[in-house]
There are 2 protein chains.
Amino acid sequence: MKKVVKFGGSSLASAEQFKKVGAIISADESRVYVVPSAPGKRFPEDTKVTDMLLHVYETAKAGEDITEEMKAIKARYDEIITGLALKDFSLDKDFEEITKKLVENPQVDYAASRGEFLNGKIMAAYLGVEFIDAAEVIFFNAEGNLNSYKTEKVLSERLSKAPRAVVPGFYGLGKDGNVKTFSRGGSDVTGSIVAQASQADVYENWTDVSGFLVADPRIVPNPKPIKYITYRELRELSYMGASVLHEDAIFPVRNCGIPINIRNTNVPEDPGTWIVESTCQKQDYVVTGIAGKKDFCTIFISKAMMNSEIGFGRKVLQAFEENEISFEHMPSGIDTMTIVVHEDEFMHKEQRVVSAIHRLAKPDSVEIESGLALIAVVGRGMKSASGTAGKLFSALAKDGINIKMIDQGSSELNIIIGVRNKDFEPAIRAIYDTFIVDKKKN
Amino acid sequence: MKKVVKFGGSSLASAEQFKKVGAIISADESRVYVVPSAPGKRFPEDTKVTDMLLHVYETAKAGEDITEEMKAIKARYDEIITGLALKDFSLDKDFEEITKKLVENPQVDYAASRGEFLNGKIMAAYLGVEFIDAAEVIFFNAEGNLNSYKTEKVLSERLSKAPRAVVPGFYGLGKDGNVKTFSRGGSDVTGSIVAQASQADVYENWTDVSGFLVADPRIVPNPKPIKYITYRELRELSYMGASVLHEDAIFPVRNCGIPINIRNTNVPEDPGTWIVESTCQKQDYVVTGIAGKKDFCTIFISKAMMNSEIGFGRKVLQAFEENEISFEHMPSGIDTMTIVVHEDEFMHKEQRVVSAIHRLAKPDSVEIESGLALIAVVGRGMKSASGTAGKLFSALAKDGINIKMIDQGSSELNIIIGVRNKDFEPAIRAIYDTFIVDKKKN
């Protein structure tokens, strides 16, 4: 059993947090490779070290003195080093070198990446394991994307010689020989790459929450965590606005079937969320997650006998394509069809689209409405549980929520409904209450 | 108040039925224009006069003797004439002329139309009103379609001089000077044209049922009649397979806002069904009608990130257009899209369509499934009644019916659901029971 453990910024913001991390790692022999983030906020008003470094970069680029700013950053690390009582360890030399580089040739990616680099050094010293600079084992191609082939080759060879190691997250080496950071997903991506290269059994992603939540906590108070979620469900919830792992952080491990376990550093006894390819685990709820987005527009098109007119739908969609607008859904009735699009993409082009529809498809009428919210109710359990739709729509009706659109049938994994923007939060709460709170009735 | 009354074949199959019709007409002074069909079946094994005439045409065309066949037809009419005790009235001369024409120059439309022609003559004599040959007042253009302009002009002028009259249904005069029949809708179309030309207040269409039924009586035992239905609802139910009036029979009166009243000659006290443009009449049920069709195919297409790919939907639909296939619905999920098509149109072209989808849209996968049935639940009342969807899906779940597709949002008038062919009848019964039988729960 081999595990890669990635820790987020809040898990490594202070010596106290470092100790929790140390306890987590030493509690399980199989946690062999550690991917740390840069120190995050210690308290709400605190500044993340990465943001401090980005500010240093701006100062250096403006040709101003960075001494004081670098001192403040060093103080953050020294606080951790002192708190951990690390003997014979200092970052003095590293700070000297970083300061020198930033003054001589300020580079934004280099600056941003030093938070992870330095935190990795502390972590390696604290754990007494080898430190592997990500710039030596993770490579980008000329287009700025991960060079998976070279990275996997070099990284897996390097790890095969290091039974235990720390690899700082967030960066690697660019094609031009300079340090380069990941544009999105940050250290999550590094953890995923290390898990893949080391052929780990599990990729543990330690954060400050006990896994993903069934619904947005800003809408539903104290939503339940999700125990098991498939990649597919994750993708659907993420697409519909849930804040979960970025695609780029999932791809490397998904490709080789390594499950991801989202855990809480502050409550390590919580099992967290397992992200898996597929699972037979009994679910507590039929619904895995609820997510949604506001601000869609609908374009309602009617034309007598449209259903039997070959090419009608194609012509309508062409009007959107000509204006470079992607559409979300296209529910159709008898002689009617509705196109659902993002309001911000559509608004400034609406009249051009309407006239294109008239020119291409010659409809009887076209009507536009804004302020639609889409909600996806996602769950692999919905496939087998009959009555999900009935329960869902009864719940919304009970709360007086008018359903503007229903789209189901393309995937047995979700039902997508449209409601007015103002009904968005009440609808999510009603769905949550029905499927999660009133579980007995399920 | 002016009414046009059309009577179907079973309403005029015998002297006894004629008497019922006579009583209906004399019961209401405003029933001034009568449009009769040809005599229909008197009992289940009977032959319709029109079918007898079509057989005569075949015989005549083959150069064989039609004397005996014509005698049998004459016997049908004589039975009516005798039963009605019409004095100084005979169809002898008409039969001579028809026989002569059929022998000399057999024409199928002419032969088929004589049933209405002769029945109209009897009706006029029985009511003591003028007979107007439809060939003098209803005209077709060179393409074989109704010449509305000329027909309205000639017919309205003619009717303005006839305070009461009989105009036989089903035929008019072709551009070539020969009698021509309506291809579809038969006498219903004539009644509608007469109602329009006479600017009638009501078009009464007398049949052997007390109006349209909420559901197909072959599926639901003794379904309730529909009291009020809008043209739009009628169109939706008709499109989804309900046997109601043909479009061509509705168009003339719809265009000038004349309501249609479907009545039962055998139960004239029943109010029947009113077909109207719009109505405020209180409805007994939220659902106006339920109709559906079997044998659809679904083409399930998945592709990562398809939603944000501009033009993806258009490309998919183009694959169907290239193969001249119209599609019914297109429910979409996240990274998935399903196209619903008629099985008979799609079956023999499936591989060509699939390869066109691959060529044009480059999807990750395409899967085909057959045996889908579509059901439309139609009702103007659904717009305001919340909870319809919940009730609908709960009813289906209770009966263990798996919902393969839901499409709602393009029209507030209907919800379209997809179920397996085998669940078609049970689903319709479940929906009927929920919305019509369990009305108290509504």
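Cβ atoms here come from the backbone N, Cα and C positions, even for glycine.
Listed features, source TrEMBL:
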type	residues	note
BINDING	A:LYS6, A:PHE7, A:GLY8, A:GLY9, A:THR207, A:ASP208, A:ARG218	ATP binding site
BINDING	A:THR50, A:GLU116	substrate binding site
DOMAIN	A:377-442	domain 'ACT'
Drop a 10 Å sphere on every Cβ of the binding-site residues A:GLU116, A:ASP208 and tell me which sphere holds the fewest other Cβ atoms.
A:ASP208
Could you give the Cα-Cα distance between A:THR50 (substrate binding site) and A:ASP208 (ATP binding site), in whole Å?
18
In angstrom units, rounded to an integer, how far apart are the Cα atoms of A:PHE7 (ATP binding site) and A:GLU116 (substrate binding site)?
11
List the Cα distance (Å, whole number) between A:ASP208 (ATP binding site) and A:GLU116 (substrate binding site).
18
Its residues classified by DSSP, the domain 'ACT' (A:377-442) shows 35 helix, 13 strand, 18 coil
Please report the distance from the Cα of A:GLU116 (substrate binding site) to the Cα of A:GLY9 (ATP binding site), rounded to the nearest angstrom.
9
Those residues of the chain, 6+ apart, with a Cβ under 8 Å from that of A:GLY9 (ATP binding site):
A:SER37, A:ALA38, A:PRO39, A:GLY40, A:LYS41, A:LYS48, A:VAL49, A:THR50
Number of other Cβ atoms within 10 Å of the Cβ of A:PHE7 (ATP binding site) across all protein chains
29
Same chain, |i - j| six or more, Cβ under 8 Å of A:LYS6 (ATP binding site); the result in sequence order is A:VAL34, A:VAL35, A:PRO36, A:SER37, A:GLY169, A:SER187, A:ASP188, A:THR190, A:GLY191, A:TYR203, A:GLU204, A:ASN205, A:TRP206
Spatial neighbours of A:ARG218 (ATP binding site) that are distant in sequence (at least 6 apart) but have CB under 8 A
none
Near A:THR50 (substrate binding site), how many other Cβ atoms are within 10 Å of its Cβ?
22
Look up A:THR207 (ATP binding site) in the DSSP assignment and reduce it to helix, strand or coil.
strand
